[in-house]
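According to TrEMBL, the protein carries these features:
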DISULFID  C56-C61  disulfide bond
DISULFID  C96-C131  disulfide bond
BINDING   R152, T154, W165, S213, H216, R248  FAD binding site
ACT_SITE  C355  active site
DISULFID  C355-C358  disulfide bond
ACT_SITE  C358  active site
Amino acid sequence: LTGVLDDCLCDIESIDDFNTFKIFPKIQKLQERDYFRYYKVNLKRPCPFWADDGHCSIKDCHVEPCPESKIPVGIKAGSSNKYSKAANASKELEDCEQANKLGAVNSTLSNQSKEAFIDWARYDDSQDHFCELDDERSPDAQYVDLLLNPERYTGYKGPSAWRVWNSIYEENCFKPRSVYRPLNPLAPSRGESFYTWLEGLCLEKRVFYKLISGLHASINLHLCANYLLEETWGKPRWGPNVKEFTRRFDPVETKGEGPRRLKNLYFLYLIELRALSKVAPYFERSVVDLYTGNGHEDAESKALLLDIFRDTKSFHMHFDEKSMFAGDKKGAKSLKEEFRLHFKNISRIMDCVGCDKCRLWGKLQTQGLGTALKILFSEKEIQSLPENSPSKGFQLTRQEIVALVNAFGRLSTSIRELQNFKVLLQQTR
């Protein structure tokens, strides 16, 4: 797996070096900090597309929610009464109010700024969202400690898992019905005609397919790298499974598909890397604070995040998103809307995943990518943000921030794991 990626001027070796030496160690540290390790998610939402075929009973599918007492006070406060007038008016709720501003803004805001937050409640920003967001106020929404519920192989497979991915590719990637579906592993090889057709698509529709394929490849890599190797005396041992990796990615076993899927993983990494470099001005403002209630920890988290942003800006082969949606204004606007709705639908399909742990990480990574797309399409709004007050033009909730960082952390881990598999494969030859 070498050379330049399609649709951008970047080569695989440059990404490997940049990720290994700059990004991976820092993003690992950032994901361990309180602000980023607790994610609020509703794992009980019903599947909106087909009758639920029952939840997975495999014990490794289980997600352990976090007891309320473990959640930092600033994070808990930030998700309730987010923009309500009562919260602004009541002295008793002053502590909560401190954490209210996006779950992320310091307490020295003027009344005028507080009014702007109330306005936000009225401003329906769903036009910008590429994802169906969980309602954090739902009684079914619970905090999960991501460090205690790592993404790994759970044994969830078969018709239920296949139907989710099939629905994503078949019904949401842009393609005429005459083209053979890109997913079914039992189907005969599609041959080159599929890729000839894919190359014939406009850049945006090609990018959409690559993002989904890259996400799929990344998830598969995590499962291969964190596989249940044996369970003796009730003590599980997890680690890399070279045989499983070969089955999913080897050029011979996958009839040439594996390397293409991995290239799409690199492409997805570039897209999310670009989003991080673009959103930096949003976080560089003094008004934004990664608030958990622990001032020292919050300052360190923000410093580490800004350090990662500096690294992302130093990368010299970014994807140029200006090449997308660049045709006539009317056509570009309608294509962008189609793109957004297709992706939003995929985020809803995540509620059909039968295994809770797979659903948790599926929702988080989809929301992270959706947030990256929202950033890439909001460049003007981000550049015109005022320094000392919130803005109606562009906003991120704490959930979106946590998903964005953790989703990129997963991609960074995938590329790192790929290096490990290269070494393991050489050792087995």
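Here the Cβ of each residue, glycine as well, is placed from N, Cα and C on the backbone.
No curator has checked TrEMBL annotations; they are predicted automatically.
A quick note: this is a predicted structure, and the numbers were derived from the prediction, not measured.
Ranked by Cβ neighbours within 10 A across all protein chains shown, the binding-site residues T154, S213 are led by S213. Binding-site extent for FAD: residues R152, T154, W165, S213, H216, R248, maximum pairwise Cα distance 21 Å (rounded to the nearest whole number). Taking CA atoms as the reference points, C358 (disulfide bond) and R248 (FAD binding site) are 18 Å apart. Sequence-distant neighbours of R152 (FAD binding site) (same chain, 6+ apart, CB under 8 A from its CB) are D60, H222, L223, N226, Y227, L228, W238, K357.
On its own chain, H216 (FAD binding site) has W165, R261 as residues at least 6 apart in sequence with a Cβ closer than 8 Å to its own Cβ. The recorded positions under consideration are C61, C355, C358. Their Cβ neighbour counts within 10 Å are lowest for C61. In this structure the C-alpha atoms belonging to C61 (disulfide bond) and C355 (active site) are separated by 5 Å. Checking Cα-Cα distances from C355 (active site) against the binding-site residues (T154, S213, R248) with a 10 Å cut-off leaves T154, in sequence order. It is R248 that, of the binding-site residues W165, R248, has its Cβ surrounded by the most other Cβ atoms within 10 Å.
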